[in-house]
2 protein chains.
Amino acid sequence: MTLPRSTTQRDEDLIRDFHYIWHPCTQMKDHEAEPPLLIDRAEGLHLYDREGNRYLDCIASWWVNLFGHNHSHINQAITDQLQKMAHVMFAGITHQPAVDLAHKLIEWSSPNLSKVFFSDNGSTSVEVALKMSLQFWAQTGKPEKKRFVYLKGAYHGETLGALSVSGIDLFRNRFEPVLMDNLEVEGPDCLRCPYGLTRDTCKAECFEPMEKALVEEHQNIAAVIVEPLVQGAAGMKMYPPVYLEKLQATCETLRVHTIYDEVAVGFGRTGGLFVSEQLRHKPTFLCLSKGITSGYLPLAATLTEDRIYQAFYGDHDTFKLFIHSHSYSANPLACAAANATFELFAADGFWDALKERIATLKECGEMLKELPWCGEFRQTGLIGACELVRDRDTLAKFPMTQRVGYQIYKKALQRGLFLRPLGDVVYFIPPLVIDPETIRSMVTTARDCIHDVLSEV
Amino acid sequence: MTLPRSTTQRDEDLIRDFHYIWHPCTQMKDHEAEPPLLIDRAEGLHLYDREGNRYLDCIASWWVNLFGHNHSHINQAITDQLQKMAHVMFAGITHQPAVDLAHKLIEWSSPNLSKVFFSDNGSTSVEVALKMSLQFWAQTGKPEKKRFVYLKGAYHGETLGALSVSGIDLFRNRFEPVLMDNLEVEGPDCLRCPYGLTRDTCKAECFEPMEKALVEEHQNIAAVIVEPLVQGAAGMKMYPPVYLEKLQATCETLRVHTIYDEVAVGFGRTGGLFVSEQLRHKPTFLCLSKGITSGYLPLAATLTEDRIYQAFYGDHDTFKLFIHSHSYSANPLACAAANATFELFAADGFWDALKERIATLKECGEMLKELPWCGEFRQTGLIGACELVRDRDTLAKFPMTQRVGYQIYKKALQRGLFLRPLGDVVYFIPPLVIDPETIRSMVTTARDCIHDVLSEV
């Protein structure tokens, strides 16, 4: 505990933070040298500390915020709902905010999806899909279908079920002995394509290992789970739709469910509401969370098809029901925020303006490409990522111990940007309403920070 | 789909509900005959539909509501926070609502607990405890300690990790093949005590199987998880503190962690804030959720000791950190609701009034005991449960197919009570602020419903 004793409110709060709080995904010792930002309020694209310093929320508060902070329309929706009912249980009871939301989710998603199961976060939305898939097979005469296939580098959450379909060693390795026996396959790695192809010309030759796994093992496979187009936690790794087309066709032929985890890429992030709907795919399960409330409140949904639902539908004494619940399922305040979010999506000109912002980010990416350490600038919709490398020709990485990304993070904070690089991948997932001018200044400042840090290492 | 086509808003909403929503822990076919209540608003102890019918919330909206619905103080706290900031990410950033809440949780819980890790619901609070325990042992030279011990009848949530320490067959059986290899032991069963003892005279002779399991297996056991005093989903099964005393002593001797899951019993439900603190126990992990926001918003916390925290604390390149996160960790709106909840606990006279309500419930329990089908009326704090049996002498149960509890549920709805019996256990977990007069009318009405239903079967 090296923080100084002090009587200012800020210092006192930071000392209490250090004493009492264990932050997620954080080596707490880092805070000895660099305490967390103490954020007091947020407005639009910015976070403010108590001294009035502001930070551009370049990653939308862990990829959740869509329409900016403190948005009058969403605030009003929550306030209105608060005056009627904050919460009520969702078994034996229903309420209009949930009905409206479910109706909209079904209307806007792929036409094969017809039922909405609510839960609280991305991990639980995935757990629900895994459990529904397992129980479906158990109840339709295929109990041997109980393994899941996932991609190397995949992230689907960190509850133990979700973690057992995640393919990032750093997240898994301490827990490997207790994880479900699932099947990890090599997925797309477009920057370092082993087939020597590019995103534009390939036909997803890298689908080969997945195809092999499915052909050989499909009788034991319940479902394949993927993050469509962008593997977020892997470092915003991006891959083309053709991979998903092959996946869908193969799974359909071999009778394997597909779980599209759009927790990170859903809700406008890629330029359309859902990737699966944009691509006209028909996932068996669609997992949603994060942006669903525009970053206001925890809420998640797992959408599925009627044929899945029907396998659980029957008389009481069949005990076929899906026995899964969370106390705050379909929390009315969160549903109200989500319904307001849908209204903002439907506002005049939103999608055109988003297109323009995506184009601006693309244009700004050129700046980053000029950096001598830019291994690649890649982009899908309003997600932009710059993968930094020690050597541009060999794509050799910086040593992990050098913490290049972390240094850039600290430098950027001094200049009013809140970034959070994934290793050495500096990425942008700003609120969808970021204006072109702010995109330009964000990328310019980030570029300068990268330059200043890497010129010195 | 047998609901009638209709143009009333109520019918339209119910049809949309039936079309689009898959409710948790519900056989959806039941809704053909009995649609869910369409609740429009809630106030104090009551839920209201759009026609103005009111229902007493006898189970506090899945055991979460403490101070009644639409409470001005909590509403105000949420509204105030909403105007500053609904949410911000909790890695690299902190905020006063979370700091205040963590400080209070540490102040009010057992003195050995010093750190708070936030998540979103009861399941995730348990998953966090399981993972912290596993990783602690892996990082302190005991990687073989990777199994958990749980009690038959235990409920700790339904994500696959939490489910693998839950001991209710109906919840587990479809998923058994993929669950972690944990150790289930027979726990207390006071109503049907195999040792022929009563709660008041026993010395937890039934601790024997747990002791045996721990003595034999402790070298492979990471932790024991329990719901202290009340096994909720098992049917509000209650057992005396002496069991927990033995558990604590044995775990301390054999170096096994204890996880007290107070998601259901915490926050005043038993007459004190936390069971572990009341009993002066020192759990290694304390899991909290449900009542933490007084039933307003999803939020959870896992508390632990400094010795656990220190095993994760170190330089970056040790990679000892706890890599677990949820986007909405420590959501400021939920933290604001929780801080307001603590203020209500601290209000003058609250605990004395609660004592009186608990005494009233006890007194009313006598009414239920007179029913010829009452196997037992049991009570812990403001949880009261009446276990209905076909034969009072043999304690023989009703056949499951008879759905006695469900019939009572439907009858009670007609008389303005929202109950949700667990099998044939009719129980009450009302908001903590329920007044003595309402307790009396609640129990009287429930008794009449039980009588009317069971007189006819």
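Backbone N, Cα and C atoms are what each Cβ position is placed from, and that goes for glycine too.
Not measured: the values here are computed from a predicted model.
If you check TrEMBL, you get these features:
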- B:W62, B:Y155, B:K290, B:S325, B:R420: substrate binding site (BINDING)
- B:G122, B:S123, B:D261, B:H326, B:S327: pyridoxal 5'-phosphate binding site (BINDING)
- B:K290: N6-(pyridoxal phosphate)lysine (MOD_RES)
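B:G122 (pyridoxal 5'-phosphate binding site) carries a helical DSSP state (H, G or I). In the three-state DSSP scheme, B:K290 (substrate binding site) is classed as helix. Proximity to chain A (Cβ-Cβ under 8 A) holds for B:S325, B:S327 out of the binding-site residues B:Y155, B:D261, B:S325, B:S327. Cβ neighbour count within 10 Å across all protein chains ranks B:S123 highest among the binding-site residues B:S123, B:S325, B:S327. Proximity note: of the listed binding-site residues (B:G122, B:D261, B:H326, B:S327), B:G122 have a CA within 10 Å of the CA of B:K290 (substrate binding site), given in sequence order. In this structure, B:D261 (pyridoxal 5'-phosphate binding site) is part of a beta strand by DSSP. Looking only at Cα atoms, B:S123 (pyridoxal 5'-phosphate binding site) sits nearest to B:Y155 among the binding-site residues B:W62, B:Y155, B:S325, B:R420. The DSSP secondary structure for B:W62 (substrate binding site) is helix. Listed in sequence order, B:G122, B:S125, B:V126, B:H156, B:I225, B:V226, B:E227, B:P228, B:C287 are the same-chain residues at least 6 apart in sequence whose CB falls under 8 Å from the CB of B:D261 (pyridoxal 5'-phosphate binding site). Here the binding-site residues are B:K290, B:H326, B:R420, and the one with the most other Cβ atoms within 10 Å of its Cβ is B:K290. Of all the binding-site residues listed here (B:W62, B:Y155), it is B:Y155 whose C-beta has the fewest other C-beta atoms within 10 angstroms. Around B:G122 (pyridoxal 5'-phosphate binding site), taking its Cβ as the centre, 31 other Cβ atoms fall within 10 Å, counting all chains. For the pair B:S327 (pyridoxal 5'-phosphate binding site) and B:W62 (substrate binding site), the Cα-Cα distance reads 24 Å.
It is 23 Å from the Cα atom of B:W62 (substrate binding site) to that of B:H326 (pyridoxal 5'-phosphate binding site). In this record, substrate is bound by B:W62, B:Y155, B:K290, B:S325, B:R420; the longest C-alpha to C-alpha distance in that set is 33 Å.
In this structure the C-alpha atoms belonging to B:Y155 (substrate binding site) and B:H326 (pyridoxal 5'-phosphate binding site) are separated by 22 Å.
Spacing of B:R420 (substrate binding site) relative to B:H326 (pyridoxal 5'-phosphate binding site) is 31 Å (Cα to Cα, whole number).
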